[in-house]
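Notes follow once the structure below has been shown.
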Amino acid sequence: MKQHIGYLGMGIWGFCLASLLANKGYPVVAWSRNPDLIKQLQEERRHPLAPNVVISPNLSFTTDMKEAIHNAFMIVEGVTSAGIRPVAEQLKQITDLSVPFVITSKGIEQNTGLLLSEIMLEVLGDSVTPYLGYLSGPSIAKEVLNGSPCSVVVSAYDSQTLKQIHEAFSLPTFRVYPNTDIKGAALGGALKNVIAIACGIAEGLSFGNNAKAGLVTRGLHEMRKLAAIMDCKPETLNGLAGLGDLCVTCFSESSRNLRFGHLLAQGLTFEQAKAKIGMVVEGAYTALSAYQVAKHHKIDMPITTGIYRVLYENLDLKEGIALLLQRNTKEEFL
């Protein structure tokens, strides 16, 4: 009998959602490949990135993925975007996926340009399509842990899977809106991190709110342009998984991508800023992936390209800004 939810990944976002499910009453078995972290969680019942949060007795921990997913009625992942493929490959060795699998990470794979749901399909095969789901939207982990109101989107290919995921995550303070556009939700969640780095740079250089508003608006336009090429629904990018997530990531002081931009503006290098943040900055890696995809499809994405060049071609920040400001203006929605 399937009795619990298996959770893969125990970073702050993974811990946040695993705690939400456990506090709702579901038994949750959470996995991490980090034995030191698992030992600390088991012994101290506190997460190092959220030390004030008491861990629910419904939440247990393991370094054995098989233990986490065996007899689970649902599996949720919260690893880094770069960790999705290794997780999928490990899953392939130990199970035939036949329960809802919820992706909560955000990113685009480098070199392949694949969204995270597409990686799962490539590794596990098309037979898992009915079981795949995706959760995205404006959801700062610490606010969710504090019980602050939050609205997100859950997407799935299969209506029954969508219903199961919706029911599992829904709470009065964690409102879940159903959606069938997995690719659109995944793309919005990935690209907004790149725009947030640009906003962090603008803030760090004291450009003001007018500049940030322009970056957010034109950034959304870039997201929609790429979404159109990838057969996503434009309304998805206008909703919680697109505009909503973009806004919170570009304006919240808790946003690590925004803070990463601040550090770049202070003169730190890519590696120095990354070390200072101390956690994965997904936008720094998505900038490369998104640039590769845009170049392949011959799509003009100047903000994304600018961040890519700053991070990977050592373009001077001021020169990059000058290039953006000197671009010819054209009709707004072209």
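Every residue, even glycine, has its Cβ placed from backbone N, Cα and C.
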> So Swiss-Prot lists LYS106, GLY137, SER139, ASP245, SER255, ARG256, ASN257 for sn-glycerol 3-phosphate; which of LYS183, LYS192, LYS318 goes with them?
Replying inline: LYS192
> Compared by Cα position, which of the binding-site residues TRP13, ARG33, ALA141, GLU282 is the closest one to LYS192 (sn-glycerol 3-phosphate binding site)?
Replying inline: GLU282
>> List every residue in the same chain as VAL280 (NADPH binding site), at least 6 positions away in sequence, whose Cβ is under 8 Å from its Cβ.
In response: GLY11, THR80, ALA82, ARG256
> What Cα-Cα separation, expressed in whole Å, is found between TRP13 (NADPH binding site) and SER139 (sn-glycerol 3-phosphate binding site)?
Replying inline: 9
> Closest to GLU282 (NADPH binding site): which of the binding-site residues GLY137, SER139, ASP245, SER255, ASN257, going by Cα position?
Replying inline: ASN257
> In sequence order, what residues of the same chain, 6+ apart, have a Cβ less than 8 Å from the Cβ of SER255 (sn-glycerol 3-phosphate binding site)?
Replying inline: ILE140, ALA196, GLY200, VAL248, THR249
> Once the chains shown are all counted, how many other Cβ atoms turn up within 10 Å of the Cβ of ARG33 (NADPH binding site)?
Replying inline: 16
> In sequence order, what residues of the same chain, 6+ apart, have a Cβ less than 8 Å from the Cβ of ALA141 (NADPH binding site)?
Replying inline: ILE12, TRP13, PHE15, CYS16, ALA50, SER254
